């Protein structure tokens, strides 16, 4: 077997008239009777190779036996293609390789789906079962090349700015906050369990107390939660922590790193500083704490109509401390039928809204089911509050503020997608700041941390923990990209007494706090520096940089929506002996 001289996807005009040795997979084969053309593929791309009896009758006879996905080695000379056969869609499209010798390294059975097509109609379960074949597709190969470029850019930036790459434990202690833990039973300590980390949060804080000053890690994290298109049970996090910093320092670092990533991976210069928006403003204007700012259609408060109109739904809502908000789909009045509006009503029902009121703005006023409730003065108020014009579709939700925000925020995205308002080539970064420190859990009847229990309140709000904890703001910041939460960070609590107070507000007894987090409270006794950081979802970042819509396309061997691996059939049963060693028994 000869040594490969270059990759298939790197054979360009620079190699004209040179001999090359290539190895790869048969992507496509065309027999034109006397001449055989093969597209040979490897991770760098595809090159056309030609079997011509004038060059080698022996090679031609072997080529007659090869089929799709055979692994072959070829030797040949790079020549220029005829002008009428140039393929401008690929970087090797100006040349071809005249083959003088071919060896079949390994044969292939007929794959369960075609590798040389987009496979949009192939059942995803089939793709995941044969993931090693799915990953051969040039489209996915390019995605993982960009993933590598992304991690390389991140490491380069952090390495060049004084960060240490330090690993933290994978087997750790289960803590009650956040999502469910994946538990690992201990054989040595009967009846006791490790947990796989949801985040290296506490360890990175301990590393700051240890004096390492700047830490990072590209790390696997695990959460046993219900899945959706942008969630996986195991995911990769870019974890960063810094000592002696404030919020501005972390934000500046995050922006510099992300600008380098986008420049290195996509060749795009992202201007800075990134826009910022408070949590309150994001919820008020977009109905989301991760707003997609690539298009307008902001939520407009029209509660004034509830005080002026004789429309019971609006009126009762406002009188009961609710609110009425609207979104305006510009020029979309003719795009939606009554049946379409019924479907949109069902959509907002998912988010708790009792209904969706709507009107279409026409030249002489309004049309639609509730148009009759609008006096001329009400129409004027509506237009003044929303800037609605003739041809626009106006949709209203009247309910409790959180229901209004969630339902209209989701509807805003749905309408924008249906009307094609989103520029998929845009990268709109946004910082969301000034988060509430706490959220009230109606089921548990207690406060829970909006981010996590180690987030510091703003200095001026520390006193509120005793009297009005619901009004305390966090020293927290999220980075949003195109409507997705890319990452979140905060300045951490670095004082033992304040951390104990935070646990108390969250409903922990002193004994519970000591039992679960005693090691952290002890560490605070030995001189903790002020510190803060951020964690970015690498899988999600790659998904957005590659214009993917499914997180699974950015993970080499992902799980399904039900957290199974169709390739390996994980999770699976284990033997009685294994269970016995762990002192476990399965109860059906």
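Keep in mind that glycine also has a Cβ here, set from the backbone N, Cα and C atoms.
Residues annotated as L-aspartate binding site in Swiss-Prot, with sequence analysis given as evidence: 177, 223, 451, 492. Residue 492 (L-aspartate binding site) falls within a strand segment according to DSSP. The Cβ of residue 492 (L-aspartate binding site) lies under 8 Å from the Cβ of 205, 454, 455, 456, 531, 532, 533, each on the same chain and at least six residues away in sequence.
In the predicted model, residues of the region 'Aspartate' (201-204) average a pLDDT of 97. Residues annotated as region 'Aspartate' in Swiss-Prot: 201-204.
Residues near residue 225 (ATP binding site) in space but far in sequence (CB under 8 A, at least 6 apart, same chain), listed by position: 179, 180, 231, 233. Residues annotated as ATP binding site in Swiss-Prot, with sequence analysis given as evidence: 223, 224, 225, 232, 485, 537, 538, 539, 540.
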Can you break down the region 'Aspartate' (201-204) into helix, strand and coil residue counts using DSSP? 4 helix, 0 strand, 0 coil
Round to a whole number and give the Cα-to-Cα distance in Å for the pair residue 540 (ATP binding site) and residue 223 (L-aspartate binding site). 15
For ATP, whose listed binding residues are 223, 224, 225, 232, 485, 537, 538, 539, 540, the greatest C-alpha pairwise distance in Å: 19
Which residues, sitting 6 or more apart from residue 485 (ATP binding site) on the same chain, put a CB under 8 Å from its CB? 289, 290, 478, 479, 537, 540
Please report how many Å separate the Cα atom of residue 451 (L-aspartate binding site) from that of residue 538 (ATP binding site), as a whole number. 19
Near the region 'Aspartate' (201-204) in space but 6 or more residues beyond its ends, with Cβ under 8 Å, are 168-169, 172, 215, 217, 239, 241, 452, 454, 517, 519-520, 533
